[in-house]
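Okay, so here's the structure we're looking at.
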Amino acid sequence: MAAFAGRFRQSKFKHVFGKGAKREFCYDNIRVTKSSWDSTFCAVNPKYIAIITDAAGGGAFMVLAHDQYGRVERDPPLVAGHKAAVLDVQWCPHDDEFIASASEDCTAKVWRILPESFSDGNLTESYRDLVAHNRRVGLVVWHPSAYMVLLTAGADNKVLIWNVEEEEVMKEIEFPDNVLSCSFNWVGSMFVCSCKDKVTRVVNARTGEFVAEEKLHEGTKPQQVLFLRDGRVFSTGFSRMSERQWGLWNGSTLEPIDKQELDNSNGVLFPFYDPDVNLLYLVGKGDSVIRYFEVTEDAPYVHFLNVFQSSEPQRGMGWMPKRGLDVSSCEISRLYKLHQKGLCEPISFTVPRKSELFQDDLYPDTCAESYALTAEEWLQGKDAEPVLSPVRPDAASAADIAAAKAKKRVPEKRPKKSAASAAADKGDRADVPANHLLANSNSSDSTAAATVAADPADTSALESRVADLEATVQNLTSLVESMRDSMAQLTSECEQLRAT
């Protein structure tokens, strides 16, 4: 029995399966960029989908809300502030309104996307301009736990780490060759990058010191690397005979742990990693399949789970953070596939479960829309893991609430207020008592309002009552949503019975 126990591994993800969305829930008529740059061309967060597009006379990308299904209009509003082709886009993990873009015009830009951003056509005014590279910028990577800290890599063989709010470079690191892919470790103290010279390097992000250097794959085609949550490094590349490979390496020394050949295709393999449950999805450019694996601490370390097969090759791919998934259907990941013919197709990966209850084992706490450090704190040497929050819709962690309260407000406009103006505004607000606002809330009964305003004890009791009512409303809303889901499932089952 012991021998059989070693051969058959138990895993709750052995039966994960993928399913593409119906045509009416896809996004069509998108002029996806024809650039030959090795990028995924798509970035996704719980609010928006960003897709790099072809644009005459400059570089641009499109931003769509998730409910904008169907055919995109012929000349849709674009984010069009770059003077040359856009090569990479990435959403900020700490604020769903901000996105960074890299371009052939030697600049990187950060944009703020609001519902009214495209009311007057194209968005051309960026939130921050990051100008320091001498050649094209091909890569942007956000820091996992520090707010508004961005890494950019350019064809000038330099990696720059920015304080985006101040538009200043905190660290400049020179490399022997062009950096093609990059990934921070879990706390953001180091990053791993692959270069055009076929050498992968682990770098101290603050000092720029090369901690380890190693040639992971012998092939000349581009390699992709990423840090896993436990500190190991995962890579994809090519052998000397141009066979596609993946490898697992020690994150401190880049010593090999495991390395396997995959197939003989020639498209670059892009890995998408879920740090909550240690699942890896390998997407090859030009392939029509998505392979997914589970990474464990014990040999053989990387376990093949299944493959999603489709008929159309993929031009690019986007990855939805865990915060944007449908947990009621046991969805554990969602990829957005860009077709060659301008279609963006959501592909949902689910774990079949009979119970309709929330599956705690599938959804450990995930990265929240909050940050753990400021740029100044990180530069001074502080490290912190990303702030985590529960995936369960009706739950909230104390740490996430505290982080949300500490989160700084982002200025609405580029110009900053002077110190004197800010002090005056603060003084004006301080002159207005809080009880005055409460008293004016009910002009039809001025006597009662004045009584409430004058008695702090009554005010406290009223605020407590309002909080209780809000909690009750929230609970009832959750109950109604649960009943709607149950009704929808019952309706579906009835239709199936009628059909049979």
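Every residue gets a Cβ built from N, Cα and C, even glycine.
Features reported for this protein in TrEMBL:
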type	residues	note
COMPBIAS	405-417	compositional bias 'Basic residues'
COMPBIAS	439-460	compositional bias 'Low complexity'
DOMAIN	7-70	domain 'DUF1899'
REGION	399-460	region 'Disordered'
REPEAT	79-113	repeat 'WD'
REPEAT	130-172	repeat 'WD'
Cβ contacts under 8 Å made by the repeat 'WD' (79-113) with residues that lie 6+ beyond its boundaries: 33, 35, 37, 39, 42-48, 50, 52, 55, 58-63, 122-131, 133-142, 144, 147-148, 150, 152, 154, 162, 164, 321, 367, 369-371, 386, 407, 410
Residues of the repeat 'WD' (130-172) by DSSP state, where helix covers H, G and I: 0 helix, 26 strand, 17 coil
Local confidence of the domain 'DUF1899' (7-70) - pLDDT mean: 91
Structural state census, the domain 'DUF1899' (7-70) (DSSP three-state): 4 helix, 25 strand, 35 coil
DSSP residue counts for the repeat 'WD' (79-113), split into helix, strand and coil: 0 helix, 22 strand, 13 coil
